[in-house]
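K.L.:
First the structure, then my questions, so here it is.
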Amino acid sequence: MKALLDLFKQTQGDEQFDVIKIGLASPEKIRSWSFGEVRKPEAINYRTFKPERDGLFCAKIFGPTKDYECLCGKYKRLKFRGIICEKCGVEVTLAKVRRERMGHIELAAPVAHIWFLKSLPSRLGMVLDMTLRDIERVLYFEAYVVVDPGMTPEGAMKRGQIMSEDEYIAKTEEYGDGVFTAIMGAEGIRDLLRSIDIDREVETIRADLKATGSDAKIKKYAKRLKVLEAFQTSGIKPDWMIMEVLPVLPPELRPLVPLDGGRFATSDLNDLYRRVINRNNRLKRLLELRAPEIIVRNEKRMLQEAVDSLLDNGRRGKAMTGANKRPLKSLAEMIKGKSGRFRQNLLGKRVDYSGRSVIVVGPTLKLHQCGLPKLMALELFKPFIFNKLETLGIATTIKAAKKEVESQTPIVWDILEEVIREHPIMLNRAPTLHRLGIQAFEPMLIEGKAIQLHPLVCAAFNADFDGDQMAVHVPLSLEAQMEARTLMLASNNVLFPANGEPSIVPSQDVVLGLYYATRDKINGKGEGMVFANITEVVRAYEAGQVELASRVAVRITEYEIVDKKAEGDARFAGKTKIYQTSVGRAILSEILPKGMSFEEINKPLKKKEISRLINTSFRKCGLRETVIFADRLLQSGFRLATNAGISVAIDDMLIPTSKERIITEASTKVKEYDKQFMSGLVTNQERYNNVVDIWGAAGDQVGKAMMDELSHVDVLDRNGKTVRQESFNSIYMMADSGARGSAAQIRQLAGMRGLMAKPDGSIIETPITANFREGLNVLQYFISTHGARKGLADTALKTANSGYLTRRLCDVTQDLVVIEEDCGATTGVTMKALVEGGEIIEALRDRILGRVCIGDIVHPDTQEVIVPNDTLLDEDHVDQIVALGIDEVKVRTVLSCLTRFGLCAKCYGRDLGRGGLVNVGEAVGVIAAQSIGEPGTQLTMRTFHIGGAASRALVASNIEAKSNGALKFSGTMRVVKNSRGEQIVISRSGEALIVDENGRERERHKVPYGATLLLKEDAAVKAGASLATWDPLTRPIISEYAGIARFDNVEEGVTVAKQVDEITGLSTLVVIDGKRRSAASKGVRPVINLIDDKGNDVMIAGTDHPVNIGLQVGALITVKDGQKVEVGEVLARIPIESQKTRDITGGLPRVAELFEARSPKDAAVLAKVTGTVSFGKETKGKQRLVITDMDGEANEFLIPKEKQVLVHDGQVVNKGEMIVEGPADPHDILTLKGIEELAIYIVDEVQDVYRLQGVKINDKHIEVIVRQMLRRVQVTDPGDTSFITGEQVERSKLYDENDRVIAEGKHPAQFDNVLLGITKASLSTDSFISAASFQETTRVLTEAAIMGKTDTLRGLKENVIIGRLIPAGTGLSYRRARKVREQFERDRAQMIAAEEEAMANMPVEIEAEVVALTGEADPS
């Protein structure tokens, strides 16, 4: 019995630790881990199958193979625990020690660790300052290295010099034997490492760093300094990179399993260890035999190779292979990659108490319920049932309980019912792309074998019932059940965390039913009746006196919320009013929760409207009411859809009568363009662009005509007049309500299919004029197949890409958690409505909703405060702000948050998934990553929905005013008047604004270069008026001066080519690509100069630079040599490439490249300073552009000749303005315009991609990612801190260090912001565990080990890996409580120690008194 009690005492308590340190193990350390040396390569005896003594599975070293039993069987049972058998030497203990006891191999010759040799940059090379090539030659016995020059003359030989065999012999002959020491192999390298004096090296490098000026040297020194300093601080000795002892993994971690038929399955590691032991033993023998040097050398080399293979097979040379010719899996492979230790077993484990089954719809369930098959429940809840059976005394032992459950007696089912009540279970559907992919439900027991799922949660799970499967998990502990219920219950997760929209929105049939019931129709049965209340309406409807859609008047009582603080019915005040409505709406209004007005439902309920309805309900009536309301909507919807009995017939696809005419007109126009092309008025490219445009427009027209005919129908009203009303056509109703299908799809059914794209994305210029109702001919069908096939191929490829993007995003943000309420930041960003092309893309309300404002928001007229400083802006505030016409609001943002190693709640604002201010402990980083990653996958899976039908945006060619007001131009707008008196824009960044009578900006439009302005500044503008027009298909080059054109370098066949159109015979001059020219003319650039009547150059106003207009490649010259040119005349046209269809296929890589912060290929060049432009001396292929700033300093840019320069001589440019066209480089934006501009750029660009697909993501998620991309800074001047110039450090770390230095009155470090791509940012995190589990495991671990890094376990990932609660949510408070408790314990211990000390210092008599008082014996 005592032994049993001792056994219980043995259980190890939880070890509390706060950091994990990684380092290199010294030989002594390895020996201290070991339980004995492995001397033999044998594993087990072939006859007895028992482990061989001193072999790889030796029981003496690693422990017994059976619990409490020695190998020879002399000692068995618990009572001999801890005894070491004198016969076989095995300790009697648990067999599981074979999982933790290590052995070791004493190597006969030192061996270099391959990771420190070959992982780039080579750490050995760095420390020794030798090249990898040289070190390898020494290690693999091809060369000698000088360890000690000895007595050789000064300068003849230095430490670390490499010598070949011949040189060595020559030198030995020259200086005599034993004068100097040079060794081959790892011993030489080890001796070199031992002789390094690190402190002295560090001092000399620091001195060199200060002295040198070259960037390359600074970089090299800084790298080496970092490594050496790490050795200094971590106490790791460099020579430990060379191993003298090799640790042996515990045998249970490299098992040897007998298979049927007498064969064995074994881990590859055993093979690798065996080779090492064999070669090591052979080497020992050779050394004892004093074998010739060359043989020993070969054996040493083979030993080195064997150890290399064990550690990282295939890293150097050919990989070692087993009997079946496949490379063996080494220790390194065990930990890296998807199937390695980190990702396979630590970050995601298989879970017990789980099951999976097919899902079916459960329309009768409540939102928080799911149907669980009885058999499944019985299996999952077994332990609970056993427990209950025992407490009730039905079964006496667990074994009896098991029998009872297996026989499935009636009592078991009763107990199951009881156990399951209010015990939430979790359902998960793969792929789990966001946090709504796992939700908790209360199980209802059902017959059958399929799980029933509530229809409203399908949107969150992205589930449908075509065979999807879901997994069930059971939270076991009380805490787990509590968290599942409060945080994960489906009825507590009704909003999408990505955008704050409701996730429990009905779809498909339900929407159709609700829509059908809330439509109204003219002259319906019983139209014009008046009802006293809703009960009367129901009675009349059931009696068949009215139809659902009839227009009637009903007296309705609504309840308004008057007191938000009150409880129950006291919150509401009723008010009764007669409404003109339809029967269906009146009946439906019965399910509205109190506090919602009838107006909300008094309209046809389309999908968007229903979403708005649920959203309003959530904001006004709270969560509970909303969930009940959603459930009722669902029930009503299903019932109404059934009653409506909507069906589809082929006659419902009405082909518009005007289709023939539209297509004929389009064909005529196309023929017209063909003619123009024949006669040479347009180029083939222009003709193609126009043809595609014509057919695009024709398709839209047919679509519009079809929708007009489909959506309206003429009926007689009750006075006998013919009126138009919305049609009750089934297909139209489905699309209009948002239940199924879209206008684009109906267009393919009944309009025309339109333009199709080729597999490469270019548009085929002959459209499919037929639709599916008419049927396609063979050619049309063939053209369609491209799109369909491309869609499927895309889907397969994109799913993987999108998943990878999500993984990178999660990894970069995983440690970002809200850790405090308020950081006290006073800076933020000023939000305006997002306007593009004159249209408001995102209204101000959407951008500021759920953020915290900075400063009071005041009434524009009365100046009274309407929203005080530091308020979270909710719907009411935002509506008020919009109503007052305030058009910009300053709000706090994640990017300006001052919290270190986390965020504060105020800067983040509203938690979109819950609707209030974010809680401390919320893992906002992961939520952001999921919100951005999830639609990526969704969209990619949806590329093919419009089967390649070329859904391309029509090219804008003019600006129309959307509102009334006065026209203003921005300060950057420059205009010239041409000979016809038109105003031609010659600025690149000009904008037209429309302001209202109060001077508030209503809209803003970018006006491109070369556009014609139709109105003068300050002119009154009416909505719908055109402000400017331009040719969208070519870009002009416009003369700003008058004169006579004189061509320079415009030589046919040299710089320009005559393009004679084969068909028309007309010719134009086109500038040809420099690459296609002869060598002599490569650097020459065709230029048009302007000269006046006297033959002198026309000068640029205010300068002495002549006007010369450079022509870029592809420009078509429209003037002739010697022609008189007026101001504003077009000198040349540059055709714009045809558009490829855009679809998220382009989008996903675009998002990835933004987050990876890649510099685009032909990036725009931005002005680095504000100043005046001039052109310097040209080089061979480049032109030199000089910007002279106000202080007269010149900044030079070299720009390739073929690039279009947007500025000209004498122009003044502002810092950050574009000088050469191209996509912007985010790194430039950061350095020239700062963090705020960069964030705006990335947010806008990412949002553009998602918006194109109609996906809503809140800006703050993208800002969170940007914050993580900016989390490192580069030190430019270390001041008095411990950093090195050019070192990249964590921003929070630098701030902490600076605070410390400033507190001591010294100089803080100066730094530059650095933008890192998400992969780079993940790998450069301070936590090596997180980085190693992400990518490049070997490199990360090698670096961490050399540096002796410590991981403070701050992020989520590190904690998951070591098996702890994550420091977020409940885990954060748990951890804080533990910290407080530990601090308290420490303080208490100190207090007690202090008191004891004080007592010890007191006089002796008092001490005696104290003892007498307490009645205890004197401790002495």
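Each residue's number is its place along the chain shown, starting with 1.
Positions of Cβ are set from backbone N, Cα and C atoms, glycine also.
Positions annotated as Zn(2+) 1 binding site by Swiss-Prot, on the basis of sequence analysis: CYS70, CYS72, CYS85, CYS88. The annotation Mg(2+) binding site is assigned in Swiss-Prot to ASP464, ASP466, ASP468 on the grounds of sequence analysis. If you look up Swiss-Prot, you'll see CYS823, CYS897, CYS904, CYS907 marked as Zn(2+) 2 binding site, on the strength of sequence analysis.
For the listed features, I'd like the structural context: burial, neighbours, distances.
P.N.:
Within 10 Å of the C-beta of CYS70 (Zn(2+) 1 binding site) there are 25 other C-beta atoms, taking all protein chains into account. Under DSSP, CYS70 (Zn(2+) 1 binding site) is assigned to coil, being neither helix nor strand in the three-state scheme.
There are 11 other Cβ atoms within 10 Å of the Cβ belonging to ASP464 (Mg(2+) binding site).
Same-chain residues at least 6 positions away in sequence with a Cβ under 8 Å from that of CYS904 (Zn(2+) 2 binding site) are, in sequence order, VAL818, ILE819, GLU820, GLU821, ASP822, CYS823, ALA825, CYS897, LEU898.
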K.L.:
Count, for each of the binding-site residues CYS72, CYS85, CYS897, the other C-beta atoms lying within 10 angstroms of its own C-beta, and report the residue with the smallest count.
P.N.:
CYS72
K.L.:
Counting all other Cβ atoms within 10 Å across every protein chain shown, which of the binding-site residues CYS88, CYS823, CYS907 scores highest?
P.N.:
CYS907
K.L.:
Measure from the CA atom of CYS85 (Zn(2+) 1 binding site) to the CA atom of ASP468 (Mg(2+) binding site) and give the result in Å, rounded to a whole number.
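P.N.:
Their Cα atoms are separated by 59 Å.
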K.L.:
Looking at the binding-site residues CYS70, CYS72, CYS85, ASP464, which ones sit with their CA no more than 10 Å from the CA of CYS907 (Zn(2+) 2 binding site)?
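P.N.:
Of everything listed, nothing lies within 10 Å of CYS907 (Zn(2+) 2 binding site) (Cα to Cα).
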K.L.:
Which of ASP466, ASP468 has the fewest nearby Cβ atoms, counting only those within 10 Å, among these binding-site residues?
P.N.:
ASP466
K.L.:
Other residues with Cβ within 8 Å of the Cβ centroid of CYS823, CYS897, CYS904, CYS907 at the Zn(2+) 2 site?
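P.N.:
Along the chain, the qualifying residues are GLU820, ASP822, GLY824, ALA825, ARG892, VAL894, SER896, LEU898, THR899, LEU903, ALA905, LYS906, TYR908.
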K.L.:
Whole-number Å distance between the CA of CYS72 (Zn(2+) 1 binding site) and the CA of ASP464 (Mg(2+) binding site)?
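P.N.:
Answer for this pair: 62 Å between alpha carbons.
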K.L.:
Other residues near the Zn(2+) 1 site, CB within 8 A of the CB centroid of CYS70, CYS72, CYS85, CYS88?
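P.N.:
These residues sit around the Zn(2+) 1 site: ALA59, LEU71, GLY73, LYS74, TYR75, LYS87, GLY89, VAL90.
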K.L.:
Which one is it, among the binding-site residues CYS70, CYS85, CYS88, that lies nearest to ASP466 (Mg(2+) binding site) by Cα separation?
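P.N.:
If we rank CYS70, CYS85, CYS88 by Cα distance to ASP466 (Mg(2+) binding site), first place goes to CYS70.
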